[in-house]
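*Asks:* Structure provided below as structure tokens; questions to follow.
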């Protein structure tokens, strides 16, 4: 696109300079004056000769808006002459004449004129006019103080800023800056703590955010629209599961199915009975599993695969669940209506046992700071414990069941537990408020998302429900296809940005759905018994683990990352190529 030379008409040079005013990166200023009073001008969206012409195959993009946004992008990128050339060739101005006048007045410090022009732009919202006037007059106030014109600053505050009757707290701060000059620096916003020219361009940025976008197009609007389009393409991509996947502007984005961990890289056969539960550590470096054989195992994850680190023995009953401490240095294990044990992960040493006389534990979890632990008890209560085993608090009543999961939100405020066959309790510890997720079917298990905004609820009728729990409780989606008739089957969130849902199943398959669409992506064969639990590595979207009644754990990954076939190792790990 051609540039604008100095021998072109003055009107064109004036337009170019006006646009340079709002382009903050090139530092241009305007010396030419615009003839005519701003009171004689009316702000109106620039019209093309074609009126409401549209572009694009859908007929939804207005040509005038499209050209204005492109021109804005050119100026923002520093292509000042190209932007001006586009305005001239298209006949579509980026801004109306009165807006160009207004921007020039702001950058040249013509405060009274700029406020007068603001009232003539044609804005209908009085609060916007007052708020914009406040910003302009505040800048005027500080520049008077910089010039040590204290009386002028005081007059501006009393006769111009205060009568606006808004931002009363800010007005008081401005008053203090007159009484105490040392207070002035703390009162100023970052845009006012720089050079005068720079602070005025920052003021223009603030005004631009305040005024309607039809009057002044927001900065980087085109970039925002493109990023939004790319984000929608990524979210709609059924298999998007990699940070390394580049999204190009030149073609619609679509990942291949091979981004989903569907290839059995390892089989871990160390347990001697059904495996009921497993969970990756928060840092993804460890995996813990628990079994009907009354043991739990800590597995270590490294570049070469997964290896057995510690086998934890001491429970007298089957171990129903495990829970990693926030720093991943410790692990809780819960026996079925027995005790909760706390283990040192590096050494495998049992550090403490939590029990109540005549009662048994049914679930366990950590406080976010790792200073306390929670446990569900088979008398339907929930207990809070010091690490040394001293019980601090007990919530009695219908708070949990004999078979229940237990989650604590990352802010430590909410305890989540199955309190009735068809209900999940969300107990706010601080506000002492109880909320309930009510289902029509029996609830068998649930899982909390990493951002604490969603809950996956497994039901007796072979459905998994996704609930939003951030504000009002709301059923968002349903996932179907897996089998559940007799056992407790658990599901999990996983993948990049937890965009997928995985679940075990009694038909020996591992099921994976796209979280957003609910569409079933994979049903992975390999196990020879019911798959009771799944866990997705939180730091590696390409690693998924599944635990089964066949006494094995399968580690699923990508085809191109498969390990070489190896014989069974002494540590009980079998590497495979995906076969049974």
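Along the chain as shown, residues are numbered 1 onward.
Glycine is treated like the rest: Cβ placed from N, Cα and C.
Below are the features listed in TrEMBL for this protein:
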type: DOMAIN; residues: 95-152; note: domain 'CTLH'
type: REPEAT; residues: 268-302; note: repeat 'WD'
type: REPEAT; residues: 312-353; note: repeat 'WD'
type: REPEAT; residues: 366-388; note: repeat 'WD'
type: REPEAT; residues: 524-566; note: repeat 'WD'
*Asks:* Determine how many residues of the repeat 'WD' (268-302) DSSP places in helix, in strand and in coil.
*Replies:* 0 helix, 20 strand, 15 coil
*Asks:* For the repeat 'WD' (312-353), DSSP counts of helix, strand and coil?
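*Replies:* In the repeat 'WD' (312-353), the DSSP-based counts are 0 helix, 23 strand, 19 coil.
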*Asks:* Looking only at the repeat 'WD' (524-566), how are its residues distributed among DSSP helix, strand and coil?
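*Replies:* Looking at the repeat 'WD' (524-566) with DSSP, the answer is 3 helix, 17 strand, 23 coil.
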